[in-house]
Amino acid sequence: MAYDPETTEVVIIGAGLSGLQAARLLHEAGVTTVVLEARSRIGGKTWSILAGPNGNSVADLGAEWLNDTTQPHVYQLARSLGLEFTEVQVKGDAVLHLKRSEVDETVIRHPYGEQPLLPDGEDVVIQHMKDIFEEEYKNIDLTRPHQCDHDDITLEDFVRSRGGGPATLATVAVWTRVMLGCEPGDLSAASFFVYCQSQGGLMKMRSGKVQGRYLTVTTGTQSIAEGLAASMPQGTIRLGTAVESIIQKSDGVDVYSTTGLVFRARKVIVAFSTPLYKKINFDPPLPPRKAFLVQNTALGYYTKVMASYSRPWWRENGLSGASQSFLGPAAATRDTSDDSRSHFRLTSFIAGQPGREWSRLPAADRKAAALKQLALIFSSDDAHYPVEYIEQQWSSEEWSLGCPCPYTPPAVLTKEGDCLTEPYGHVHFVGTETAVEWKGYMEGALTAGIRGAREIAKLIGGVKI
């Protein structure tokens with residue numbers, strides 16, 4: 001059933017942080033806005049649920065961490081909403097999980113934040129590779145990422161060409177899996193370097209202290225989206241309203257939803273990942289350059305598994321709960337406990353090719369494999385007996401298809417990467433991947449939303465943001 005068009009000045013497609021940030025700013029500037037969200041909830045890849053045996057705690061199924069030093073927009077917004085923070089638990093040693101031989105798995109315990117010592121001295125090679133990466137970042141102008149070097153080869157080929165052996169390549173694979181859900185052979189070296197530099201460098205973004213992963217929101221990061229939504233008039237956000245087509249005309253845009261609702265607007269903001277643009281019929285079609293980018297960006301495989309326990313048994317052995325694994329299924333783990341509510345939790349990040357293989361198992365076998373790995377790397381059978389087990393497969397969610405951020409294979413970024421944020425007629429594009437800084441993070445989502453709102457305000461005229 002088709003309805004008469006509902007008229008508004010701006011339609012925003014996607015009620016994640018980027019879309020909601022743009023909507024709030026436009027509303028505050030007096031611009032009428034409608035936000036269309038295909039899911040039955042707001043927040044996009046921020047999704048917080050009640051957790052714990054008594055439901056008195058919160059688990060973040062998606063984006064979880066922020067900091068108060070280099071992520072000012074998300075931190076100040078959360079503070080302005082009255083949200084409280086919890087510091088990440090990093091006390092104790094970390095663990096590296098690897099193969100000692102073709103049949104034997106082992107773990108190497110090491111101080112948190114330090115490079116573990118490896119056989120054949122390859123830890124020295126890994127440190128050298130980190131230094132090489134840091135030098136590459138310095139040559140990148142984040143306002144012109146399409147002009148960077150090494151877009152003609154994969155990250156794997158780059159590492160091999162610089163003398164990286166099996167352990168070095170396995171370490172880099174942990175990074176790409178945890179950060180982007182992909183393998184070093186899937187993305188160009190340039191794509192990886194730009195992503196890292198947007199967060200100030202690899203070591204900063206992977207830090208669990210005051211740089212990258214330092215604070216969590218006590219009530220969950222979806223509370224930030226809820227706070228943004230609460231600042232807008234009732235009826236602004238339409239849940240369960242997927243968009244099927246965007247038809248541009250000389251004087252505006254008609255947006256058709258799968259529910260039959262039609263919206264007529266002066267401008268549209270698309271606020272979700274580039275690979276999902278394929279779900280929408282653009283009329284006229286997207287320009288060839290933008291279409292090429294849409295067809296050649298990808299989202300990696302990503303799942304968060306959270307196992308909760310009645311006590312933090314890993315801490316009893318002086319362990320922080322942090323690990324990285326060359327073998328999988330999880331590439332890394334972290335202690336994401338809520339100590340104030342006696343909710344002690346280990347979160348596993350199951351991503352990349354080991355994650356895809358794990359995902360094909362029956363549910364019971366997936367759980368068994370995840371817990372078996374925890375028992376092995378933390379040397380305790382207690383891992384087999386969680387009081388709660390939560391699994392969120394982002395790659396199987398229809399309106400996400402993976403997380404946290406799209407990547408590009410070789411020969412894409414330098415060919416058409418500069419059109420990522422270019423408007424097409426009356427349609428503008430935001431989302432965390434379009435950010436200059438902190439791509440893939442909540443900070444990047446918010447700054448991209450600010451950019452989109454300012455673009456619209458400038459074109460509408462008489463509006464300042």
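Just so it is clear, glycine is given a Cβ too, placed from its N, Cα and C backbone atoms.
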Figure out which of SER18, SER223, SER396 sits with GLU37, ALA38, VAL243, GLU433 in the FAD site per TrEMBL.
SER18
As a test of the contact definition, list every same-chain residue at least 6 positions from SER18 (FAD binding site) whose Cβ is closer than 8 Å to its Cβ.
GLY44, ALA271, VAL430, GLY431, THR432, ALA445, LEU446, ALA448, GLY449, GLY452
Quick one: largest C-alpha distance among SER18, GLU37, ALA38, VAL243, GLU433, binding FAD per the record, in angstrom?
21
Going by DSSP, is ALA38 (FAD binding site) sitting in a helix, a strand, or coil?
coil
Minimum Cβ neighbour count within 10 Å among the binding-site residues ALA38, VAL243: which residue?
ALA38
Taking the Cβ of PHE349 (substrate binding site) as centre, how many other Cβ atoms lie within 10 Å?
23
Report, as a single number, how many Cβ atoms besides its own are within 10 Å of the Cβ of GLU433 (FAD binding site).
27
